[in-house]
Every structure is written in C-alpha cells, then in structure tokens.
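Student: This is the structure, below, for whatever I ask next.
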Amino acid sequence: MYLEELKTTGDFLTLTRNNEFYLPPERFTLGNGTVVDVLDTGVIQFTPSSYGHKDIVLSSAVHGNETAPIEICDELIQAIIKEELLLKHRVLFIFGNPKSINIGERFVEENLNRLFNGTHAQGGVENEERKRAANLEQYVREFFTSVEQGRYRCHYDLHTAIRGSKNEKFAVYPFLHGKPWKKSQLQFLLACGVNTVLMMRTEATTFSYFSSKQFDADAFTVELGQVKPFGENDMSRFAKTKQTLSALISQDNIGFGDFNSSDYELFQVHRTINRTQQDFSFPFSESAENFTGFAKGELLAVDGETRYLAEVEGEAIIFPNANVALGQRALLTVIPMEVDEKFV
Ligand SMILES: O=C(O)CCC(=O)N[C@@H](CCC(=O)O)C(=O)O
Ligand SMILES: [Zn+2]
C-alpha cells in the first residue's frame, strides 16, 4: 500500500513515524538489482544483487530524541532507494523507537537500551519498548544468521549524549569477555571523526553489547555529539561520520593507512554507579560535561546515605543522569588507558 510512495521519495523515516508500532512487511527491487525488504516499522534491509562479505547493522533512534543519527540514517536510506548510492554489502537499518521520535523523548515507558540481551523478558513487565526490544533482537539475529557462516559482522548503534562532552564524539566498546580490542575498529571510528573510545569491563543490556556478545559483531554505541531537536543539528559536524558510513556500505573495504596510537584518547571504565535511592543527586551542575575529571576524594554522587568520592586522581564522569529509574546506571566513571598488547 505504501510502496509506491516509498519507491518515489525514499522517505522511510516519515513512513516509520506515521506507523509507530507496526508496518506490514513488503519487498521490492531497485533498478540496480538491490532487494529492499521492509521488515517492520523502522526496520529496512538492503540486499545488493551480488553482495560482498560484510553484514552491516546501522541503528539510530534507540533513544527517540537523539535526532542527528536519525537524520544521517534517513539521508543514507533515501540515497540508496533513489539509487544515488550503490551498495556493496548487505545492510540493515533500524530506527529503534518510532513513538519516542514522535514525542521527542528518550523513551516512552522504559529505556529501550536497557532491555537487550534478553532483559525485555525479565521481571514480568509488558510494554511497547519490551516488545520492540524482543523484535529488534529477532531482526538482527535473522539478518546475521540467515546467510553463510564466517562472514564479517558489524553494528554501529548511533546516539547523541544528553550533556555536552569535552571529547565531542566518543564510542563505547562493549565488554569483549577477554577478546582483544581491534585497532582497525579504532581506525574506522577515527575516520568517522570519533577519536575517543571507552572500554567497558562488564556485561550490559545495550543493543551494541547484544550484537557483540551474541554474534561476535564489531559493535559500538557511538555518541556523535549532544542531543538537539530536529532542525537544530549542525549537520556539517556529522559530515565525516556520514561519509565514512557511506563508504562502509558502498565500498569493498575502506583503507585507513598506518595505525598511530597517538591519534586516540582511550579510557577504561573505572566503575558504574547505580541509583538505588529516590534521594539521588550530583554535586556538579547540569552543565558539567562528560569527561570532566575530579580530584581524588572529591564528591561524585550522593545516593541516599551513600556518598561516592573520586577514588583516583582524574576520575572522569560519563553519562551522569540523576533521573534514571531505581536500579539503573546513573553514572560511569573512566580513567585513561593506552593502546597495549590487548589490541590486535
Ligand atoms: O548522555 C547520556 O546520559 C546518555 C547517552 C546514551 O544514550 N548513551 C548510551 C550508552 C550505551 C552504552 O553504554 O553502550 C545509553 O545510555 O544507553
Ligand atoms: Zn542514546
């Protein structure tokens, strides 16, 4: 029913926003032979007639108010459908939470990025975000496993941060359970304009951890700047990211040149502070940026009776959010690290 318009405009984002919870699956083929599968609202798969060795997932709108990544993916999808961009690899685009895009909020009832890796099925709670997490897991599973084994898999889950950041663009490298971090992934991120990477040290319920753990994909949460409403993003700040994502999906391989460890700022997570009490607060202002460092002994957070003090000199704050649900992460702290033998 919606196909003729989608074929003409390529505007899968509007179609998604007009159908917050469901869109009947449809398939069509572009003049260049690429098969387009609309799998659900916000979920569209492209399969070139003769495809290369990479299976690539690009997700945005896991948080609906993080608009710049949505705009980047919208532009890429339109360029593919209008045959301005010819794909070399299989690609799955996901707009995670359509209703939260429409209301301009991080989520509707529950933070979607805390529901992956099976968490959506725990605790006897039912809501649209839990159903969506289960469905998105299934689309990604099908995408990665419906082709021959041994192919290259990656998933970049694109976000923007609530606060400003001293390092404007940064990526979260999910916990790899002892497997080595990849220099080639740091190089890819650098080409996207992202020179800062945080290494997680524990399991998570995020979309990127799900793809990393379940499918051994090179998967990252990528923070591209600060949250802004539609129309207020300076898209020139995302040009490098869009160009590199475009190259990823339309070229056999991207050449990066030599690896220089001095090009990167790497951090490891020092600890995660969860909000356990109603009475939770930070001593610093709303304008304190991600990566602000604290002196050893300085107050970082107050959770009821518990006062968290910086344990090491320069312990830096990431994603402080006093309004998270009880039991959820209210703050990450990080400390610098170097490229060493644990990188291949
Ligand atoms: O700025 C913030 O407080 C949150 C930005 C954001 O959505 N970050 C992701 C990070 C996911 C990860 O740890 O890989 C999130 O909190 O879900
Ligand atoms: Zn986000």
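Even glycines carry a Cβ here, placed using N, Cα and C.
Annotation source TrEMBL lists domain 'Succinylglutamate desuccinylase/Aspartoacylase catalytic' at 54-249. If you look up TrEMBL, you'll see HIS63, GLU66, HIS159 marked as Zn(2+) binding site. As annotated by TrEMBL, active site applies to GLU223. TrEMBL lists 263-336 with the feature domain 'AstE/AspA barrel-sandwich hybrid'.
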Student: Can you tell me how the residues of the domain 'AstE/AspA barrel-sandwich hybrid' (263-336) break down into helix, strand and coil by DSSP?
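Tutor: Summed over the domain 'AstE/AspA barrel-sandwich hybrid' (263-336), the classes give 1 helix, 36 strand, 37 coil.
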Student: Return the count of C-beta atoms lying within 10 angstroms of the C-beta of the residue listed as 'active site', excluding that atom itself.
Tutor: 26
Student: Can you name every residue in this chain, apart from HIS63, GLU66, HIS159, with its Cβ inside 8 Å of the center of the Cβ atoms of the recorded Zn(2+) site?
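Tutor: Those within range, site residues removed, are SER60, ALA61, VAL62, GLY64, ASN65, PRO69, ARG106, ASN113, LEU158, THR160, ALA161, VAL227.
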Student: Please report the three-state DSSP label of GLU66 (Zn(2+) binding site).
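Tutor: Once the DSSP labels are grouped into three classes, GLU66 (Zn(2+) binding site) ends up as coil.
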Student: Looking only at Cβ atoms, how many others are within 10 Å of the one on HIS159 (Zn(2+) binding site)?
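Tutor: Excluding its own Cβ, HIS159 (Zn(2+) binding site) sees 26 Cβ atoms within 10 Å.
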Student: Return the members of HIS63, GLU66, HIS159 (the binding-site residues) with CB less than 6 angstroms from at least one atom of ligand 1, or none.
Tutor: HIS63, HIS159
Student: HIS159 (Zn(2+) binding site) to GLU223 (active site): how many Å between their Cα atoms?
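Tutor: Counting only the Cα atoms, the answer is 5 Å.
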Student: Cα distance, GLU223 (active site) to HIS63 (Zn(2+) binding site), nearest Å?
Tutor: 12
Student: Relative to the Cβ of GLU66 (Zn(2+) binding site), which residues of the same chain, six or more apart in sequence, are found under 8 Å away?
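Tutor: Once residues fewer than 6 apart are set aside, GLU66 (Zn(2+) binding site) is near SER60, ARG106, LEU158, HIS159, THR160, VAL227.
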